[in-house]
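First comes the structure, then the notes that go with it.
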């Protein structure tokens, strides 16, 4: 029995099925809707990669690359490496067509403990801190015009960030279609703003303002070249492309995932690489490297130099970009928690969906609550530094899993099968950056590893341990039942695949906190 099945058979969260009774042959149970088409899929990838960084502070690469030319090379190379990683994830996504992304792949390939550690660090730190920081950036750019001569009050920033999170959580709870429309609109908005920056850059070039793009000047260092700094520039560039794997978290909600998952990846990653490279080219047509490094908001400075009375467009663009970023992160992270709960690695209430809206309301509320709690701490930026290394570590573990799976199950059906040379190239680059990170910041990486390893005892106590005290199981039953009643949610239909059917049979043996009558009332819910 799998870890997830073992946990489901011992707790109440393993509801019999979506309806609370035996599934009929007609498959009338509640299930996640397949409402994410190709455009929305691209919006999720592009919207999650392009946050506020390219508008606010693309200088992380520039200050470590030591020259404009090397910085542009770093942006291109990291874009290519990201595309290779996404290619590997595309194969995994259609080979293991589960929501949950790298968590699901690591769990299936390397076992329950490895998957749980990936989930643990995401639940504990990664998503709550990232969402809190993006929401604070949004509130800062909204409130800044109201406080032109000083910084907005900290309490006001956190309050507006909380309002942003609550509003977008409500949208995501209400409808998958609403959430994807919000993502599409705000992704289009940020792309239009970046298109304006790129067009202004071309106008500058046509005017002859391309001093820093001439080869003789582009590679003129403003500080001495250093191998360690250039490696750090590649690390910064890789972090800037973070979010490229988020579509894999919602595989089960994709329309025709075998076609749209790889197609969305092949469209989105080159698009983001193009935007990043040409936005940086545009910046250096209006600013010297020194001016760029001195600016706290590069796009705003760019707008003030070139847009005149229309310079207000840039701060608004940053606000829109971050608002869409919060929405995309809420949407995808809640699916990760949903997938973890379904496997028995989180409380099973988080794996349930609304009987009519078919949205994972408990997972969304949990995501929102953990982010709101993170807004109350002043240490979130420190936590991001600690776990950024761990997040990148699991990218490589997942890609390595692709190679392992090829040897363990060579005859497994793979709608997409890429050459193993691609994961090898990705892992060489990944290992280089990982070793450099350990060398340059051993304490930070060590603390990140320690935070991750706190999940080991939690796994053995919460997941692996079968025979928990009856009073504990009864308490979990009661809490799950109250949560189901409050959110009007049930466990989703597991589908008709052989693996899902096997898990469904295991769940039928488990006791559901919903009564049979409650289940029958929900069984006909039309999603």
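Every residue, even glycine, has its Cβ placed from backbone N, Cα and C.
Taken from TrEMBL as is:
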type     : residues : note
REGION   : 1-27     : region 'Disordered'
TRANSMEM : 36-56    : transmembrane segment
TRANSMEM : 68-89    : transmembrane segment
TRANSMEM : 109-127  : transmembrane segment
TRANSMEM : 155-173  : transmembrane segment
TRANSMEM : 185-205  : transmembrane segment
TRANSMEM : 225-244  : transmembrane segment
TRANSMEM : 265-286  : transmembrane segment
TRANSMEM : 306-326  : transmembrane segment
TRANSMEM : 361-383  : transmembrane segment
TRANSMEM : 389-407  : transmembrane segment
TRANSMEM : 419-440  : transmembrane segment
TRANSMEM : 446-465  : transmembrane segment
REGION   : 496-527  : region 'Disordered'
COMPBIAS : 507-527  : compositional bias 'Basic and acidic residues'
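Non-local neighbours of the transmembrane segment (185-205) in the same chain are 42-43, 46-47, 50, 54-55, 213, 275, 278-279, 281-283, 285-286, 299, 302, 306-307, 313-314, 317, 320-321, 323-324, 327-328; each lies 6+ residues outside the stretch with a CB under 8 Å from one of its CB atoms.
Between the transmembrane segment (446-465) and the transmembrane segment (109-127), three or more CB pairs separated by 6 or more residues in sequence fall under 8 Å, so the two stretches touch. In terms of C-beta pairs under 8 Å, the stretch of 68-89, 155-173, 361-383, 389-407, 419-440 lying closest in packing to the transmembrane segment (225-244) is 68-89. The transmembrane segment (155-173) makes contact with the transmembrane segment (361-383): 3 or more of their CB pairs lie within 8 A, with pairs spaced 6 or more apart in sequence. Long-range Cβ contacts of the transmembrane segment (36-56) within its own chain (Cβ-Cβ under 8 Å, at least 6 residues beyond either end) map to 134, 137, 141, 176, 180, 183-184, 186-188, 190-191, 193-194, 240-244, 246-247, 250, 253-255, 260-261, 263-265, 267-269, 271-272, 275-276, 279, 296-300, 314, 317-318, 321-322, 324-325, 327-329, 331-332. Segment contact is absent for the transmembrane segment (265-286) and the transmembrane segment (389-407), given fewer than three CB pairs below 8 angstroms at sequence separation of 6 or more.
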